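Peer 1: If you scroll down you'll find the structure; I have some questions about it.
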Amino acid sequence: MSAIKSIATVLAAILPSVLAQANTSYADYNTEANPDLTPQSVATIDLSFPDCDNGPLSKTIVCDTLTSPYDRAAALISLFTLEELVNATGNTSPGVPRLGLPPYQVWNEALHGLDRAYFTDEGQFSWSTSFPMPILTMSALNRTLINQVASIISTQGRAFSNAGRYGLDVYSPNINSFRHPVWGRGQETPGEDAYCLSSAYAYEYITGIQGGVDPKSLKLVATAKHYAGYDIENWDGHSRLGNDMNITQQDLSEYYTPQFLVAARDAKVRSVMCSYNAVNGVPSCANSFFLQTLLRDTFGFVEDGYISSDCDSAYNVFNPHEYAANVSSAAADSIRAGTDIDCGTTYQYYFDEAVDQNLLSRADIERGVIRLYSNLMRLGYFDGNSSAYRNLTWNDVVTTNSWNISYEVEGTVLLKNDGTLPLSESIRSIALVGPWMNVSTQLQGNYFGPAPYLISPLDAFRDSHLDVNYAFGTNISSNSTDGFSKALSAAKKSDAIIFAGGIDNSLEAETLDRMNITWPGKQLELIDQLSQLGKPLIVLQMGGGQVDSSLLKSNKNVNSLIWGGYPGQSGGQALLDIITGKRAPAGRLVVTQYPAEYATQFPATDMSLRPHGNNPGQTYMWYTGTPVYEFGHGLFYTTFRVSHARAVKIKPTYNIQDLLAQPHPGYIHVEQMPFLNFTVDITNTGKASSDYTAMLFANTTAGPAPYPKKWLVGFDRLPTLGPSTSKLMTIPVTINSMARTDELGNRVLYPGKYELALNNERSVVLPLSLTGKPAVLSKWPLEEQLIPLAKS
């Protein structure tokens, strides 16, 4: 949809709500997954800052930096007429010219780099760093890396903002967990583990974007999305805009919300986005249990933090959810339930009518707009050139650090290797085959802007010491074999073969789920023919979601298999360096690679994690089948010896009541505190230098059945260990990480026998016992709606 370049045109686009309400011809959003946004929602506007030195507000407390951000915002909003107030409730706000308040855009994207920024065609501000997609970043198991990436994105965002090319709020991160492998947006997430990985990613990304934990001066405002129970786009015709997800209290507490708890309570995120879908009959953006009882009252979301709708989801409360009788009622229901700002124009078009019908009051509208502007106060939006971060410029975008971090080889996962990798120095010529070999923007996944450069695998290998024979071979989804002969010819005259394929955003994307998890098109057929040539064969499996690579795993002539995700602007160079041994792989899968039949065994809309009926269980915690590659799988180029650290003594038994009676300075709740440190000695016993990564799992039969196979309680990454060198790795284990979730959604610590085991190989196992009485660590609140539906 083309953007409107004038705020005057934006205002002219607002139709009388009575005429719009009378139109009863609606899109079928039960099947259509892409909302039809109005031009105003996606408009390009002139971004600038208020003048608190000489402007109309300069003598008011709005410009008084000694007054609290909330009071300054409240003073500003008190000056608005009702029309001006309503105009401020959408993502695109025209501002208030008579007060010197410029237009503002809430909707900016920063998933793995800047998107929706106003880029120039060339020169300054024509690009920003494009990092790998989050699922690949999380596979590195490096919390520091996540924070560094977010901090660089935030710095670049502020530099663009200072130049009038970006807002100060970003609709990132996506912290939904990758529950089902067909989901098109799993690539945007930290993987399938909610309690540990998604929560850790949320904390590091949010604090990197915002400039710390609840800093006095915010760098940017992060938005934790999509709250909650959102992980389907259009599977089998089930549109995300109309899905009503049936989720038990147990699964809501255990899987669909713990990352939002960490985002709100620990990272102090300033914004949360409610999702398109309904949960248990109530659309998320009109769900006062979600938005007030759970998020604010239970999770501790900051009082002046604001909740934004997903784009047009306030409208979806009416169509297709039919939770409200009409659009004005949907708007009233959403804001009264706690959705402060509407990404879209439903609030702006229908609030006047809702006020006239006594469906809501001015105070209901003010509450959300004050929260938005309170954050802008914390961002220094009103404070002139002396405010924090206002000095950032294009020079801060063009930094060596951003180049180095964007070359993110750490997440690459070695799935299979018979010793072929790293390539022997005797290999002088290489055949490069496949649809992922000569790519450009495919490297970036989705939600991306212009990058300074895009290095494809073909580019990188052509710049290496190797002689390259390139052939396209076949497309991602093509059923043609026309390119096979050229691919085989290139392979026959080469010392080794690399095939790069898998899936891309033509098959997995926002609004697009897969119906299967097989390798698409004729790719496997071509790989099989290449494998019969008697040459070393390396396969690069690319894309965010997994495909069933069992045939490649079992084929002895496929020597090595690498998962490379969406590796960003330097992706080809990173893959080259892994293959040639300049860098060693140490990433681990943060999802399960299931066999192909998993995708058709049960509906992807079945949100139950535990096995039942045809559902064999979801995620590594509950899946009862045999995966192709397990969650946490990842090989190295070297070998490691892992043993208990002898100097660290760990008690074999802990009393539950004693643990909970401890003082807990620095922690809001005692259960957040580590009660032991799992410390191991890691020795590189091989010949190659390498990082080392580890996941620590717990398991038990304490508490009620059914029991999870295991669950993740911690992870870590050690930087490079040279041959014969050793380092200690310590993974703290918190009290809460050992708890289970009962059917009511309560987190309960049960007495019984437990094990802590390092990695899937269980290379070090620590048995321990908890004694005493079961203890409820946190109680799940009663699920009820606080706000009666609007009647019109």
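Glycine too: its Cβ is placed from the backbone N, Cα and C atoms.
These numbers come from a predicted model, not from an experiment.
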Peer 1: Tell me which residue from Asn91, Asn385 Swiss-Prot records as N-linked glycosylation site.
Peer 2: Asn385
Peer 1: Please tell me which one of the glycosylation sites listed here (Asn142, Asn326, Asn438, Asn516) sits closest to Asn699 (N-linked glycosylation site), measuring Cα to Cα?
Peer 2: Asn142
Peer 1: For Asn677 (N-linked glycosylation site), what is the secondary structure state per DSSP, taken as helix, strand or coil?
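Peer 2: DSSP call for Asn677 (N-linked glycosylation site): strand.
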Peer 1: Using C-alpha atoms only, work out the spacing between Asn479 (N-linked glycosylation site) and Asn516 (N-linked glycosylation site) and round it to an integer in Å.
Peer 2: 16
Peer 1: Let me spell it out: for each of the glycosylation sites (Asn404, Asn516, Asn677), count the other Cβ atoms within 10 Å of that residue's Cβ, using every protein chain shown. Which one has the most?
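Peer 2: For the glycosylation sites Asn404, Asn516, Asn677, the Cβ with the most other Cβ atoms within 10 Å is Asn516.
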Peer 1: Express the distance between the Cα positions of Asn516 (N-linked glycosylation site) and Asn438 (N-linked glycosylation site) as a whole number of Å.
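Peer 2: Pair distance, Cα basis, whole Å: 26 Å.
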Peer 1: According to DSSP, folded down to helix, strand and coil, what is Asn326 (N-linked glycosylation site)?
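Peer 2: Reduced to three states, the DSSP call for Asn326 (N-linked glycosylation site) is coil.
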Peer 1: Between Asn404 (N-linked glycosylation site) and Asn142 (N-linked glycosylation site), find the distance joining the two CA atoms and give it rounded to the nearest Å.
Peer 2: 15
Peer 1: Which of the glycosylation sites Asn326, Asn391, Asn438, Asn475, Asn677 has its Cα closest in space to the Cα of Asp310 (active site)?
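Peer 2: With Cα distances computed to Asp310 (active site), the winner among Asn326, Asn391, Asn438, Asn475, Asn677 is Asn326.
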Peer 1: Quiz question: given the glycosylation sites Asn87, Asn326, Asn391, Asn479, Asn699, which has the greatest number of C-beta atoms lying within 10 angstroms of its own C-beta?
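Peer 2: Per the Cβ count, the most surrounded site is Asn87.
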Peer 1: Say we define neighbours as other CB atoms within 10 Å of the CB. Which of the glycosylation sites Asn142, Asn475 has the fewest?
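Peer 2: Across Asn142, Asn475, these glycosylation sites, the one with fewest Cβ atoms within 10 Å is Asn475.
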